[in-house]
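S.K.: First, the structure itself, so that you have it in front of you.
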Amino acid sequence: MDPGNHSSVTESILAGLSEQPELQLRLFLLFLGICVVTVVGNLGMITLIGLSSHLHTPMYYFLSSLSFIDFCHSTVITPKMLVNFATEKNIISYPECMAQLYLFSIFAIAECHMLAAMAYDCYVAICSPLLYNVIMSYHHCFWLTVGVYILGILGSTIHTSFMLRLFLCKTNVINHYFCDLFPLLGLSCSSTYINELLVLVLSAFNILMPALTILASYIFIIASILRIHSTEGRSKAFSTCSSHILAVAVFFGSAAFMYLQPSSVSSMDQRKVSSVFYTTIVPMLNPLIYSLRNKDVKLAVKKILHQTAC
């Protein structure tokens with residue numbers, strides 16, 4: 001289709017989660033609450049780990065990095081969504097849309113690989129405790145984290161670069177609550193075959209590979225837990241692992257539903273619901289899941305509260 005026969009989209013309207021006016025206030029209050037919990041929880045976790053010397057270990061180094069990613073991941077999307085709920089205008093400019101897509105993709109990809117790094121760290125700690133300090137040295141942790149962000153930036157740059165090559169002119173309504181890949185591809189007047197192929201290939205690498213790493217790590221971890229003779233110790237370990245596995249399953253399951261299938265397979269409304277989980281729910285839950293059953297975190301909180309009171 002010749003781009004010269006069409007006017008390009010310079011400003012778009014985000015369809016949002018619901019078009020019903022009576023739901024906008026309720027959705028605003030719901031997501032405002034989620035946003036506050038997410039920001040407080042993740043920034044609180046980063047601050048707590050930074051201030052507590054006994055938490056300066058590889059496990060908490062990765063947890064701090066995950067909290068930073070979750071904070072950024074959420075704030076790229078939620079503030080704009082809240083403004084749209086409040087004003088009911090839902091307008092986003094083309095540069096703002098591309099910037100949101102680029103930043104969102106960085107942190108979404110980075111989160112996949114950070115969760116895999118954390119699972120590997122847990123595997124080494126439980127299955128090879130004598131070699132833990134050698135394998136998970138500060139040097140290795142640093143470069144693992146750098147690698148996570150490099151993969152995020154590389155994947156996001158590829159997606160956004162190919163998106164910028166498309167001529168968006170079909171409509172100015174984006175059937176989503178933020179600028180994501182498949183909703184934007186639906187606006188294109190030119191062929192999206194390469195873009196959709198890239199989404200499937202890169203999603204397979206950035207979702208399936210980390211998911212398989214996590215699965216393998218937890219298989220070995222569970223096998224080690226089963227060898228624990230103490231019933232109390234075994235149940236405690238299973239309780240902790242089950243909460244971690246649940247958070248990971250929700251994140252990767254919803255992300256896979258969104259990206260690991262062609263755009264024609266499921267409706268955009270189904271994809272909207274799925275994306276709520278990995279863009280807002282999981283970033284809110286992660287600090288709670290990784291801290292509620294953690295004695296080290298509870299001890300650090302008590303110490304800081306005691307120092308503040310004194």
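Cβ from N, Cα, C; glycine included.
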S.K.: Is it the same side of the membrane for Pro21 and Leu260, going by what Swiss-Prot records?
M.R.: yes
S.K.: Quick one: sort out which of 140-160, 161-181 is the transmembrane segment according to Swiss-Prot.
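M.R.: Per Swiss-Prot, the stretch marked transmembrane segment is 140-160.
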S.K.: Any residues 6+ beyond the ends of the transmembrane segment (55-75) with a Cβ under 8 Å from its own?
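M.R.: Apart from its flanks, the transmembrane segment (55-75) reaches 35, 38-39, 41-43, 45-46, 48-49, 103-104, 107-108, 110-111, 114-115, 117-118, 121-122, 125, 136, 138, 141, 145, 148, 279-280, 282-284, 286-287, 290, 296-297, 300.
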S.K.: Determine the minimum-neighbour residue: among Cys97, Cys189, listed as disulfide-bonded residues, which Cβ has the fewest other Cβ atoms within 10 angstroms?
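M.R.: Counting other Cβ atoms within 10 Å of each of the disulfide-bonded residues Cys97, Cys189 gives the minimum at Cys189.
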S.K.: Tell me whether the transmembrane segment (272-292) sits in contact with the transmembrane segment (26-46), defined here as at least 3 Cβ pairs under 8 Å among residues 6 or more apart in sequence.
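M.R.: By the criterion, they touch.
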S.K.: Express the predicted model's confidence over the topological domain 'Extracellular' (161-197) as a mean pLDDT, rounded to an integer.
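M.R.: Mean pLDDT, the topological domain 'Extracellular' (161-197): 88.
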S.K.: Most CB pairs under 8 Å with the transmembrane segment (198-217): which of 26-46, 100-120, 140-160?
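M.R.: Most contacts with the transmembrane segment (198-217): 100-120.
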S.K.: So which residues does the topological domain 'Cytoplasmic' (47-54) touch in its own chain, when a touch means Cβ under 8 Å and the partner is 6 or more beyond its ends?
M.R.: 60-61, 63-64, 67, 296-297, 299-301, 303-304
